[in-house]
Amino acid sequence: VSFLGNRSSKTFKPKKNIPEGSHQYELLKHAEATLGSGNLRMAVMLPEGEDLNEWVAVNTVDFFNQINMLYGTITDFCTEESCPVMSAGPKYEYHWADGTNIKKPIKCSAPKYIDYLMTWVQDQLDDETLFPSKIGVPFKRNFMSVAKTILKRLFRVYAHIYHQHFDSVMQLQEEAHLNTSFKHFIFFVQEFNLIDRKELAPLQELIEKLTTKDR
């Protein structure tokens, strides 16, 4: 989203670019323009005549880039020492498995978990058969379930930042940026029912706070 334009461009992983001139680029521009209107409920809706898979794909790439940048701002504070486990508050702890390289969930530090997670997401986004960038290349039948898994995992990075690093976010004066990004993310996943309620539990109170003001 363009409000990121002027801030330091330290990202955790390389930014995933959508090719200019492509239909997906037009969709991204549309998303940015409607976001600018300030009405997030409207901004996340599927634009008339557009393909749901493509809309979800473009937004998933955008959320990856946003989280990438948000986490990039606090990597100095998220270390093996400060975060020996990947948690979101005292009640939620995540163990990593990707189903291919690591089949049995492993307990690891937050920075390692987020590195695994973001690398895994990047691999999905770079897979042309999953996220086709060429016009007319159809999406696979299992695209939506892959997108749901990506979004479910990206949520965990937001949850970790909010629970374990919000002080650092405030020090860096990034909280408005984090809240805007997360609110957009939540409205999007709610609109298309992309993440199970139980998965959102670690930030349930915040979600209620951010979404009730806009009913």
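Backbone N, Cα and C define each Cβ position, glycine as well.
Per TrEMBL, the features are:
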BINDING   Cys78, Cys83, His160, His165  Zn(2+) binding site
Neighbourhood of the Zn(2+) site (Cys78, Cys83, His160, His165): other residues with Cβ within 8 Å of the Cβ centroid, in order?
Ile74, Phe77, Ser82, Ala110, Pro111, Ile114, Ile161, Gln164
Just to be sure I understand the packing, how many Cβ atoms besides its own are within 10 Å of the Cβ of Cys78 (Zn(2+) binding site)?
21
With every protein chain in view, how many other Cβ atoms are within 10 Å of the Cβ of Cys83 (Zn(2+) binding site)?
19
